Amino acid sequence: GPPGPPGAPGKALKGDIPDPGLPGDQGPPGPDGPRGVPGPPGPPGSVDLLKGEPGDCGLPGPPGLPGPPGPPGHKGFPGCDGKHGQKGPMGFPGPQGPPGSPGPPGDKGLPGPPGRRGPLGPPGSRGEPGPPADLDACPRIPGLPGVPGPRGPEGTMGLPGMRGPPGPGCKGEPGLDGRRGEDGLPGSPGPPGHKGDMGEAGCPGAPGPPGPMGDPGPIGFGPGYLSGFLLVLHSQTDGEPTCPMGMPRLWTGYSLLYLEGQERAHNQDLGLAGSCLPIFSTLPFAYCNIHQVCHYARRNDRSYWLASTAPLPMTPLSEDEIRPYISRCAVCEAPAQAVAVHSQDQSIPPCPRAWRSLWIGYSFLMHTGAGDQGGGQALMSPGSCLEDFRAAPFLECQGRQGTCHFFANKYSFWLTTVRPDLQFSSAPLPDTLKESHAQRQKISRCQVCVKHS
């Protein structure tokens, strides 16, 4: 605002000195006055004045109301091609088409190989004589000698010549034997000869009728004995087999088929007493070396045992679980050697005359285990005639783990039936047998026999 009105003159105190004092200091500015009333608008400015600076931007206005919908747009361009769809399912076969028109003739084939040489034709007729040669035009030069002709056929034997005089030389060696002459006429019978020496003794005559029964002998010193032949029985169950009547039992055990050590197999004939071990073990052997050291259960050695008819397990067996799966056996003393006979058909083969039957079965031939190792049975051995057939007749025991199982790489081989009229025919037809009944019909039957004592 404008400066206020000047203040009233101050009154100086009357001093002791009658003269007036010095003028006082200027007072402080007064407070601001109230705001004045705005003045009237001034006259319009001259055009000659400078243009002012642009004002500040105004505050943004409120949003406007939505406008009306616009007109429809133009038609768009065609879109891009889509991705290839998946292949559809195969269609049904169409009907057979009409026969095609005959094709054009093929190209001429290659010439065939030359044919065989034909037989020699008959000699031709003699040709006409040629014209006489011009002796003056052709000088007579002798030609070369011709090629020797083929050897002619052998001539007939000439008549024997006259005996010539002896030659001047020394007497030669005797000549070769002449041809055999014709047989002469039989001579007249000669006089009877002298009596010959005594001939050799003739064959023994037929046995005579049995003589009368002798007197009873004295009482013996001890019990009787058999001949010492051994007979091995395998029950293919977990029960011990019974020896035939009159054959004492020597021992019982478990049916050992074969052993495998150092990746090599050692077979046991089921008809011999060594296949009946008194005590079972998944690893019944140790191996020793030249350094005087023996090792047991240090390698992946195995043992294979004849199995019982128990159902196949799903997992490996251990400890007491193994017992019902191992076949039991017995060794008996027999009066004679037992043999197996095989029919190679479905019929039971008969025992030879004066022999009696011990059991009938199926012809077990051979077996393989881990890798290409295995063994087999001699077809005359009673071990080749098992009383019961099954596709997996034995199980493998892994000695180090102490477990037994029917592994998939174990194979058994059996003698098959053969029809006599087809034994020399064409190749056998392949076949796969899955049913137990069909398998048994394909396997040869057998019988174990022993001679009557």
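Cβ from N, Cα, C; glycine included.
Per Swiss-Prot, the feature region 'Disordered' maps to 1-218.
The annotation region 'Triple-helical region' is assigned in Swiss-Prot to 1-222.
As annotated by Swiss-Prot, compositional bias 'Pro residues' applies to 26-44 (among others).
According to Swiss-Prot, the feature compositional bias 'Pro residues' maps to 60-72 (among others).
Per Swiss-Prot, the feature compositional bias 'Pro residues' maps to 95-122 (among others).
Annotation comment: Swiss-Prot describes 153-162 as compositional bias 'Low complexity'.
The feature compositional bias 'Basic and acidic residues' is assigned by Swiss-Prot to 174-183.
As annotated by Swiss-Prot, compositional bias 'Pro residues' applies to 206-215 (among others).
In the predicted structure, the domain 'Collagen IV NC1' (228-453) carries a mean pLDDT of 90. Residues or ranges marked as domain 'Collagen IV NC1' in Swiss-Prot: 228-453.
Among the features that Swiss-Prot reports, disulfide bond is placed at CYS243-CYS332 (among others). Taking a C-beta cut-off of under 8 angstroms and a sequence separation of 6 or more, CYS243 (disulfide bond) has the following same-chain neighbours: LEU231, LEU233, ARG249, ALA330, CYS332.
Residues or ranges marked as disulfide bond by Swiss-Prot: CYS276-CYS329 (among others). Its Cβ placed at the centre, CYS276 (disulfide bond) has 24 other Cβ atoms within 10 Å. Mapped onto three states, the DSSP output places CYS276 (disulfide bond) in strand.
What Swiss-Prot records for CYS288-CYS294 (among others) is disulfide bond, and it gives sequence analysis as the kind of evidence. Secondary structure from DSSP puts CYS288 (disulfide bond) in a beta strand.
Note on CYS351 (disulfide bond): other Cβ atoms within 10 Å of its Cβ, all shown chains, come to 17. Swiss-Prot lists CYS351-CYS449 (among others) with the feature disulfide bond, giving sequence analysis as the kind of evidence.
Annotation source Swiss-Prot lists disulfide bond at CYS385-CYS446 (among others), citing sequence analysis. In the three-state DSSP scheme, CYS385 (disulfide bond) is classed as strand.
Cβ neighbour count for CYS397 (disulfide bond): 24 (other Cβ atoms within 10 Å of its Cβ, all protein chains included). In three-state terms derived from DSSP, CYS397 (disulfide bond) belongs to an extended strand segment. Residues or ranges marked as disulfide bond in Swiss-Prot (evidence: sequence analysis): CYS397-CYS404 (among others).
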Determine the Cβ neighbour count for CYS385 (disulfide bond): the number of other Cβ atoms within 10 Å of its Cβ.
30
Candidate with the highest Cβ count within 10 Å, taken from the disulfide-bonded residues CYS404, CYS449:
CYS404
Taking Cα atoms as reference points, which of the disulfide-bonded residues CYS294, CYS329, CYS385 is nearest to CYS449 (disulfide bond)?
CYS385
Should any of the disulfide-bonded residues CYS276, CYS329, CYS397 have a Cα within 10 Å of the Cα of CYS288 (disulfide bond), which are they?
none
Counting only residues 6+ apart in the same chain, whose Cβ is under 8 Å from the Cβ of CYS294 (disulfide bond)?
ALA286, TYR287, CYS288
